[in-house]
């Protein structure tokens, strides 16, 4: 008994409450993997020796005084070696169950620690934290560089589109009238506008200030194509209120190449094709292709892009209202330059950018692997906990505790990493002039950077002052979604009603998209007076309805729905504050983690550098302020 008492009273190194027992005490040496097969690293429990087996019942009675009395009964009832052997087996089974339970508890505690607590517990370097900080810097730098390059691309397209309107539209003022560029009201103006666009195309090389040239249209022909749509035949006498027309639409086209345009203009102007019957005419469409080279990228030490502009001028007479609307559409596509020779340091700069993008891909792949590994280990630990809970307590774990093992932040990081990798590959191909899809690349890189910065909130959430936002969002999100579903029905009703009734009389209600945007602006208190003032007072009934419609919408959504929306979030915030003061409701998982077979405290000091830089110790009394996950 003296030997056993010496073994039990042997001083152990102090350990932090909640840290795994049996951890290697040698600093810098990783702990061995435990026999429980979990995440915590513990040396295996050695089998008891002969003397320990003989003294085990007395030891169990002294160590676990609260255990069931069946062990005492078995010892008393065992009249011979069979009773002692049965008691020994029961004691060993109970001890093994206690060891497994402690292994599971230590693994769970270690899993739900933050990176700094894990470092203090096992001197485990927080690789994911370091990797996320490095990834934030690199992904943001990559996005800024790509954003500056994308701005040059978009600016070149928009400036060329504005230049084309001034070149090919007669009388263009520099500002579009509405969704169309300009309009004409007489037949003479219509003819002059059509002929003006054709002549400007012919004189392009002599009048253009840009790096433009003629492109090949359909059939590899250089020139422009003119098409007109009109009803097949018909007669119309408005004075007699007589109309006889064939509603079938006929399309006639003519191709004017540079050689035809170089001849006398009267030859093609006087052709029968340009003899228009405006009462049958629906629209005239002039399409041509131009090519250009963007040289401003050279100043940014990048290879220039070659563009193909597919331009279309449409004279719309579908309404037959005496007003022909003129639309100009320019679709710019980037193509690989066939022969590009540039001297200087541009090629070397391009190689540096490609190497940087490749390094970003490597960092994101490493982050993706680590986060995926953490999710897999968490699911394994969840399975162990569910099996143990069902075996010991004979009931299932609640859904809330099961979801604690699914770390949403890891899912967000994995999504961000995938988008960054795909976007970086596209960026490298764009940089090498093999692809030209700037829009898709910018969406991927922009969204991934958004997710990366949102993921920073996870590390701020380890501190009480910053965790309030996350907890309030989590608590209010279900109620807010249900509330928005109900309010959305009312919003859709107002949207359809405004589009149908006010659409012909107000430019903000002409289609469903603009109606929804206008109503959303009104909810936020924007542009109220302009919405009231711009309604056309051509119909007294519609004007009165518009007042009733707008006043009821503003009163309902601003004074009632918006106030209730804010009240839901405020109520969740107040609930979280009360929980932080009085303690959060304890779940089965948290209750299990609080149970501990040892009351000793960890005295192991962490590394001085990480403790001062990132590991701010919390007192034990503050542990209840932070949720488990």
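Placed from the backbone N, Cα and C atoms, the Cβ positions cover glycine too.
No curator has checked TrEMBL annotations; they are predicted automatically.
Annotated features, as they stand in TrEMBL:
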type	residues	note
REGION	1-84	region 'Disordered'
COMPBIAS	22-34	compositional bias 'Low complexity'
DOMAIN	153-338	domain 'Mucolipin extracytosolic'
TRANSMEM	352-379	transmembrane segment
TRANSMEM	409-426	transmembrane segment
TRANSMEM	438-460	transmembrane segment
DOMAIN	439-576	domain 'Polycystin cation channel PKD1/PKD2'
TRANSMEM	480-502	transmembrane segment
TRANSMEM	548-569	transmembrane segment
* Three-state composition of the domain 'Polycystin cation channel PKD1/PKD2' (439-576), taking helix and strand from DSSP -> 121 helix, 0 strand, 17 coil
* Asked: Relative to the transmembrane segment (548-569), which of 352-379, 409-426, 438-460, 480-502 accounts for the most Cβ pairs at distances under 8 Å?
  -> 480-502
* State the non-local partners of the transmembrane segment (480-502) in its own chain: residues 6+ outside its ends, Cβ under 8 Å from one of its Cβ atoms. => 509-512, 515-516, 518-519, 535, 542, 545-546, 549, 553, 556-557, 561, 564-565, 568-569
* Cβ under 8 Å to the transmembrane segment (352-379), counting only same-chain residues 6 or more beyond its ends: which ones? -> 39, 111, 127-128, 131-132, 134-135, 138-139, 141-142, 145, 405-407, 410-411, 413-414, 417-418, 420-421, 424-425, 427-428, 431-432
